[in-house]
Amino acid sequence: MIQLADLLNKISVTTDARLSNAQFEIQFRQWKGFNFVFYWTADSLNLPIRIGDDWEQNTWMISSAMLENGLSWWQSWICVWIGNSIAACFVCLMGRIGAVYHIPFAVANRASFGVWGSFWPVATRCAMAIIWYSVQKTPWKLTYSLLIELEGECVTIMLEAIWSKYADVPNALPTKSGVTTKSFASFFLFWLLSLPALWIPVHKVRHLFTIKSIYSPAAAIGFVIWATNRAGGVGTVFKRPSTVHGGTLAWVIIKSIMQTLSNFTALIINIPDFARYAKTPESALWTQLITIPISFAITSLFGILLSTASTAIYGQPMWNPLTLLHEFLKDASSAERLGVFLIALGLALAQLGTNVAANSVSGGTNMAALLPRFINIRRGSYICAALSLAVCPSSHKSNECIIVENNLFPAEFNIFLTALSTFLCPIIGVIISDYYLVRGGCLDVKELYSARKSGPYYGIYGVSWRAYLAYILGISINIPDFAGIIGANVPSGAQRIYDVNFISGFIVSMGIYWILARIQRAFSISDDLNRAQNNQICSV
């Protein structure tokens, strides 16, 4: 037992982030407005992943589903603009909590869910980060149990551009493994090369986003110009009219806007993890509000242009840029191979930055909150990377797979991811309701780092019953159609509600929490408000 105690002491971190926040405020508030511009410009170039009917963490392909549903290109692009503009508002609302009080999501949600009740939202977001760190790397071609990492596919393209014989590497792995020697080698090589990026402290990782926001957009623009030139113009997609009208058109537009907004769910939740590094609260406000819709809409337009170019060149649309880039390698000259290599490098860098921004930092921050004695953000990021190797969606075998663009996804894994997204939306509603509507922007930061049973955020046994009741009801509004996904018969109205599941879950959880807070006016939140106002730590 003594040896075990010695071992635990040796692996313990030197500081406990849950006890003090003062040192962080002095040293690490280095993100200025332009750093957030670079952050979102870099993140907007994330590579696409489509699982079933849900689009997660992608920008290139977001318009494809809208076009498939009957919208014209300009209607789909307007939906992207509107959806991303709404998402930017949510990002700023959540981000302001971190920017004002310099606290991460894991700490901010203690005010609403309770000191110990906050562990469930943190664990949920942590699980999402680990899964997407792995799944964020979907293949351009998939077999039944194969999920090749996106970064690995970029490496494959780069290596094939340098050594054409790399495409003919013999496979030494068994067929049942669902992966080839080449694909695994490419993925593992990039996985190793990406590990140093996790070592960079969060307040300095802004420099990675700066580099990415310069090189990756340049590579993307070059790719679009190259493809358009080979196609002899922008193609026919810009001439195709809408195929839906009336009420159907209106609902497709609403669904498309909500689809765009839903892609931001995880990013909205973890934005306090970055916004807390803002030099001033304003640094994380207008820059994000303006940059998000512009950068994501431009990348979406890139996807439309590449799709129409591929249709003109090869006779079929290729929404995945890696698919088209791989086609460009066939019978390519030396100069064209160099171009493919440079573009693939830019896309690989884009995906690396996305994984750091959306997954490793948030995963590390949340793990540090769950086990602060043994895990800091850096350790948590590496644990997230390590666990992502074990999270293989292909291992969730099923006789039923979802087939999209020659890709096969295990059906139950798609259901699992859909469920996780459904669980995240009400968390946002509870936190925003608590901070803006109930507390008026007032928080006592010291009490957020305290487990006193008489503290204003302790609740009952450390759990806020109001938050969890609102949270459960926010989930429940989307349960009927979620049952339809797993095979149950549900009315069409339930499908409509689920199509707007982000807004429905958000509004229900936000409204219920506010109503419960109004009913119980005598609970400790009033004392918390008075204390906060006396200490001048109120801000909205």
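Glycine too: its Cβ is placed from the backbone N, Cα and C atoms.
As given in TrEMBL:
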type     : residues : note
TRANSMEM : 74-101   : transmembrane segment
TRANSMEM : 113-135  : transmembrane segment
TRANSMEM : 184-202  : transmembrane segment
TRANSMEM : 209-228  : transmembrane segment
TRANSMEM : 248-269  : transmembrane segment
TRANSMEM : 289-314  : transmembrane segment
TRANSMEM : 338-358  : transmembrane segment
TRANSMEM : 416-437  : transmembrane segment
TRANSMEM : 458-477  : transmembrane segment
TRANSMEM : 497-516  : transmembrane segment
The transmembrane segment (497-516) touching the transmembrane segment (248-269) per 3+ Cβ pairs under 8 Å rule: yes
Cβ contacts under 8 Å made by the transmembrane segment (209-228) with residues that lie 6+ beyond its boundaries: 35, 37-39, 41-43, 45, 234, 299, 302, 305-306, 309-310, 313, 321, 324-325, 328, 339, 342-343, 345-347, 349-350, 352-353, 357
Of 74-101, 289-314, 338-358, 458-477, whichever stretch has the most CB pairs under 8 A to the transmembrane segment (497-516): 458-477
